[in-house]
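Report on the structure given below.
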Amino acid sequence: MPAELLLLLIVAFANPSCQVLSSLRMAAILDDQTVCGRGERLALALAREQINGIIEVPAKARVEVDIFELQRDSQYETTDTMCQILPKGVVSVLGPSSSPASASTVSHICGEKEIPHIKVGPEETPRLQYLRFASVSLYPSNEDVSLAVSRILKSFNYPSASLICAKAECLLRLEELVRGFLISKETLSVRMLDDSRDPTPLLKEIRDDKVSTIIIDANASISHLVLRKASELGMTSAFYKYILTTMDFPILHLDGIVEDSSNILGFSMFNTSHPFYPEFVRSLNMSWRENCEASTYPGPALSAALMFDAVHVVVSAVRELNRSQEIGVKPLACTSANIWPHGTSLMNYLRMVEYDGLTGRVEFNSKGQRTNYTLRILEKSRQGHREIGVWYSNRTLAMNATTLDINLSQTLANKTLVVTTILENPYVMRRPNFQALSGNERFEGFCVDMLRELAELLRFRYRLRLVEDGLYGAPEPNGSWTGMVGELINRKADLAVAAFTITAEREKVIDFSKPFMTLGISILYRVHMGRKPGYFSFLDPFSPAVWLFMLLAYLAVSCVLFLAARLSPYEWYNPHPCLRARPHILENQYTLGNSLWFPVGGFMQQGSEIMPRALSTRCVSGVWWAFTLIIISSYTANLAAFLTVQRMEVPVESADDLADQTNIEYGTIHAGSTMTFFQNSRYQTYQRMWNYMQSKQPSVFVKSTEEGIARVLNSRYAFLLESTMNEYHRRLNCNLTQIGGLLDTKGYGIGMPLGSPFRDEITLAILQLQENNRLEILKRKWWEGGRCPKEEDHRAKGLGMENIGGIFVVLICGLIIAVFVAVMEFIWSTRRSAESEEVSVCQEMLQELRHAVSCRKTSRSRRRRRPGGPSRALLSLRAVREMRLSNGKLYSAGAGGDAGAHGGPQRLLDDPGPPGGPRPQAPTPCTHVRVCQECRRIQALRASGAGAPPRGLGTPAEATSPPRPRPGPTGPRELTEHE
C-alpha cells in the first residue's frame, strides 16, 4: 500500500498540469462540402453511441468527439482550426478525409504537440517524414494502390495503358505502376487534366492512339466526369477498360453511362460481413433520405466508415494504455511549447492495435501505414457492381475466374462477326467451284473448319472475307499497319482467322487467342534425287578405290603366303608318315594355285581344306581373316542402306550453310511474321541472312506461299516458311524437302482488336477443341492427303531386281566361265586320251561324253593302254633310277650323266620317248618334293654300286605294274626309286 501511494504522488507531482481523464475526448476535422454529405458526422455519432453503450474506457470516462468544419483546403484555415482544438485537451485528432494538404498540416502540428493524428484520407505526395512524431493512416498507402493497379493490368494482359491524372503528384503517387511499365518496356502514356477539368481533348487523343486501357487517378467526382465524357465519345464500349484508383468506386452514379459490355473496375475497402455493417448502411440511408429526398442513396462513403473505425482504434489504444498507466489530458496552446506527455505512449499503442472494422482488418506497420488488409476489386454494370477479385496487402492478387468477364454463351450468342482471312493452303482455300457458290461456302480448309467448330460451340454467326491487300500485316514507317493487322486495328473486322503467327510486335496493337497450332520457321528447298540403284549397286558400299586396294591386298597376301610357306621348314611334311616302306619324301601344300585359292576361301567366309602349319603362315592367315571380318561387316552394314535408300543431293544442310553461300537465293513472304523474325533477330547468322535478303536484287521476297513454292521448283531458291506449310507442300511434291531443323518456336492464333471482349471466350473454346482432339482430327484431314509419304513413315520394302540384279549377272557370268573351262578341260583331256589310245578324237570324245552324261554311274575303270611299248610306269621308274641328287632336290641325269651339262636342274621326265629313240632333255626339278637325309644316303650308296638293283623295287612284275595313285591334292604322282 505505501508503494502504491508513493507511485500516485510521483505521478501527481510529475504532471501537475494534467487532469485526470474524466471523458475520452477526440477532435474530428470534417471537410465534406457535398450537398447531401458523406455521412461522416453520423458515423462519428454511431461510433460514440456504440462505444458508450458497451464499454467504459477508462473507468467512468465516456467518449466525446468534437467536430470542426474545414471550409477549404487551406494551410491557414487548418492551422487556425488546430489552434481551436489544442486547448480542449484531446487525446487524438481525426481527419480530414479529402484534403491531403490540410491533413499534412494537421500531422505537422500534432507532431509538435505529440498528439496522435489518425488519417482517413489519401497520403500527401511526397509523404513528409517527421523526426519527433508520426501519424497513423487508415487509408491505403500510395504504394499499395499503385501495386494493386499494376497487378490488375498484368492479370488482364493489358500491354499498354493511358493514365489520366487530376493532379501533378499522381506520378509520385503511382510510382510503382510507372516503374513496372519502365521495366517491362511497355507503353504508358500520361495525360494531365487542365484547370478547366474538361477531359474531352485527352479522351480524343487516347482514342486516336488506339489505347484501350485507361487509368483514372482522381477523386470520385472527377472520375465520374471523365466517364461521362467518355460515354459521349463512344468510349465506354467493350473495347475500352477503365481502372479507377478512388476508393469511393461503389458510390459512383453511372446510370446512363455504362453499357452492357462496359469494363469499369475499381476498389472497395468495405467489410460487408461485419456485424454492424447492415445497421451502419441503414442509418446512413435514413440520414441521406432526410437531407436529399430527390436523389437515390448511392451507398456508404468510405470516409464515413474510416471515421467509424478511427474512433474504435483510438479507444482500443487508450484502453490498452490505461492498463499500464493512468492517462490524464492536458490543454495545450499553439503559442506554447508544451506537449502532451502521454502522446508518445499512446502512439506506440496505436501501432499495436489489431481490430476488425467496417473497412476490414486494421493493423499498422512501424511507419504508421495500414497493413494486413484487403481491397475488393469490383466491376461496374447497370445492375450495380460485382466482385471479380481481391488484392491483399502482401502484394498478391486473386481473381475470381467464375465471375471474370461475361459468360461465353451470353457474349457471342446470335452475334454476327466479320472475319478477315487470307488464302493459304491448306488453311484457307477456294473450292474448285467457288464461282458458283456464295458466302462462306466459297472457302474450305483447316481454318474454315476450325471456325465452323467455334461457331457451333459459341453459337455465333460469321461472315468470311479476304483481306484487301492480301498481306498478313506489318508496320509501316508512319506507324500504321497493313494486312489483317491493319483491318483489326481499324475495326474493319472482328476476327482474323488464318495461319496468323503470334508475335510480340503484333501483340502490342491487337489481341491474340491462345495458339491453336505450334510451329517454327523452316527451310524448304528443291532436291535432285540421286541415281536409282542399278544392277551393280551391290558395289556401291565401297568406292572404286577401296575395291582396287582390296584386290591388291588379295594379291599381296597370296604372294606373301606362298613365299612364307616355301621358306618355312614347318610347311614341308611327309604325306604318309605311317607307311614304313615309303621313302622320307616331304610335300608342301601351298602351291601357287593353292596360295591364290586360300585367301579367296577366307574372304568368302567359306574356308578351305588347306590349313596353315607354320607360325608364319598362320600369322598371314590370321591378319587376312581379321581384315576380311572388318571388310565384310562394313560391307553388310552399308549394303542395305545403299540398296533401299534413294539418296537426295542437297547442297546445304542448315541455316548456317545457307548464310555462308551465295549460289542459292533465299527469302520469305513479304510483310509476314517470318520476315519480321529475321528483321528483329539479334542472332549473328540471322542478321547476315536478313542483310542479304534486304539488299538482294531482284527481290527475294514473295507475295504468297504458292509463289515461293514455284520459285523453289524453278530456280535455285530456298524458301523460309512455317514448318506446318513446309510439311504440307512436301507431301504434295516429292521433289521438296526440309533443310535442317526449326529456327524458332511460335504459334498460330486468332487475331482480334485490342481489348476485344471475345478474347477469353475464343481462347477457352480453342482449349476445349484441343482437349476433345478436334484440332488434331482436322489437321490429319488436311495434311494426310498428299502424294508423298512422311519421311519418318518410311518402312522396309522388298528389294527388287533393280536393286540386286547385278549379283545375278555375276552369278550367270561365273557359271558360263565355269562351263567354258570345263568344256576346254574335257576337250584337252579327250584329245590326249585319243593320242595315247590311238583312237580318233571324235570317238574318244563320244565315249567320254556318254560316260559323263550317265546319271547313275559315279565311278569308272581306268582303261589300260594298248601293248606294243613300255608302260608309263616303267618309263617313270627308269627316269627315277637315272635321277641324281643336287642341292637336296632330285634331278634326272643327262646323257653323259652330268647334270650340269644340260644347263642346270630340269623338271622330271614324264615320258622317256619311243623305244630306242634319243633321251629327252633333263627336266627341271620338282619344286614341291623335297628329299630327306635318308634319301641322300641311299643316293650315295646307289652311286657307289651302280649295278646293284635298289632295295625295295620288288620283282620285275611289280616293276612293270602300273603305279598306284598317291593320295593328297598336291602330292607328286611320279614314282621314286624307293617305290
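Glycine too: its Cβ is placed from the backbone N, Cα and C atoms.
Residues or ranges marked as compositional bias 'Basic residues' in Swiss-Prot: 856-867.
Residues or ranges marked as compositional bias 'Gly residues' in Swiss-Prot: 894-903.
According to Swiss-Prot, the compositional bias 'Pro residues' annotation covers 912-923.
Counting every protein chain shown, 14 other Cβ atoms lie within 10 Å of the Cβ of Cys292 (disulfide bond). The feature disulfide bond is assigned by Swiss-Prot to Cys36-Cys292 (among others), with experimental evidence given as support.
Using a 10 Å Cβ-Cβ cutoff, Cys334 (disulfide bond) registers 15 neighbours. The disulfide bond annotation in Swiss-Prot covers Cys83-Cys334 (among others).
Here Swiss-Prot flags Cys165-Cys170 (among others) as disulfide bond. Taking a C-beta cut-off of under 8 angstroms and a sequence separation of 6 or more, Cys170 (disulfide bond) has the following same-chain neighbours: Leu163, Val190, Asp217.
Under the heading N-linked glycosylation site, Swiss-Prot lists Asn219 (among others), citing experimental evidence as support. Taken residue by residue with DSSP, Asn219 (N-linked glycosylation site) is part of neither helix nor strand, so it is coil.
In this structure, Asn271 (N-linked glycosylation site) belongs to neither helix nor strand by DSSP; it is coil. Sequence annotations record features per position, and here Swiss-Prot assigns N-linked glycosylation site to Asn271 (among others).
Feature annotation from Swiss-Prot assigns N-linked glycosylation site to Asn285 (among others); the stated evidence is experimental evidence. When Cβ atoms from all protein chains are considered, those within 10 Å of Asn285 (N-linked glycosylation site) total 15, not counting its own.
The N-linked glycosylation site annotation in Swiss-Prot covers Asn322 (among others), and the record cites experimental evidence as its basis. In the three-state DSSP scheme, Asn322 (N-linked glycosylation site) is classed as helix.
Annotation source Swiss-Prot lists N-linked glycosylation site at Asn372 (among others). DSSP classifies Asn372 (N-linked glycosylation site) as coil under the three-state reduction.
Sequence-distant neighbours of Asn394 (N-linked glycosylation site) (same chain, 6+ residues apart, CB-CB distance under 8 A): Asn372. Asn394 (N-linked glycosylation site) falls outside any helix or strand according to DSSP and counts as coil. The N-linked glycosylation site feature in Swiss-Prot is assigned to Asn394 (among others); the stated evidence is sequence analysis.
The annotation N-linked glycosylation site is assigned in Swiss-Prot to Asn400 (among others) on the grounds of sequence analysis. In the three-state DSSP scheme, Asn400 (N-linked glycosylation site) is classed as coil.
Residues or ranges marked as N-linked glycosylation site in Swiss-Prot (evidence: sequence analysis): Asn407 (among others).
Annotation source Swiss-Prot lists N-linked glycosylation site at Asn414 (among others). Sequence-distant contacts of Asn414 (N-linked glycosylation site), defined by Cβ-Cβ distance under 8 angstroms and a gap of at least six in the same chain, are Arg459, Phe460, Arg461.
Long-range Cβ neighbours of Asn478 (N-linked glycosylation site) (same chain, at least 6 residues apart, Cβ-Cβ under 8 Å): none. Per Swiss-Prot, the feature N-linked glycosylation site maps to Asn478 (among others).
Around Cys36 (disulfide bond), taking its Cβ as the centre, 17 other Cβ atoms fall within 10 Å, counting all chains. In the predicted model, the topological domain 'Cytoplasmic' (566-622) shows an average pLDDT of 80. Neighbour list (Asn271 (N-linked glycosylation site), Cβ cut-off 8 Å, at least 6 residues apart, same chain): Tyr277, Asp356, Gly357, Leu358, Thr359, Gly360. Under the three-state DSSP scheme, Cys165 (disulfide bond) falls in the strand class. All protein chains included, Asn219 (N-linked glycosylation site) registers 18 other Cβ atoms within 10 Å of its own Cβ. Per Cα geometry, Cys165 is the residue among the recorded positions Cys83, Cys165, Cys334, Asn400 nearest to Cys36 (disulfide bond). Listed disulfide-bonded residues: Cys83, Cys165; maximum Cβ neighbour count within 10 Å falls on Cys165. Of the recorded residues, Asn322 (N-linked glycosylation site) and Cys83 (disulfide bond) place their C-alpha atoms 27 Å from one another. Neighbour density around each Cβ, counted as other Cβ atoms within 10 Å, peaks among the glycosylation sites Asn322, Asn372, Asn400, Asn735 at Asn322.
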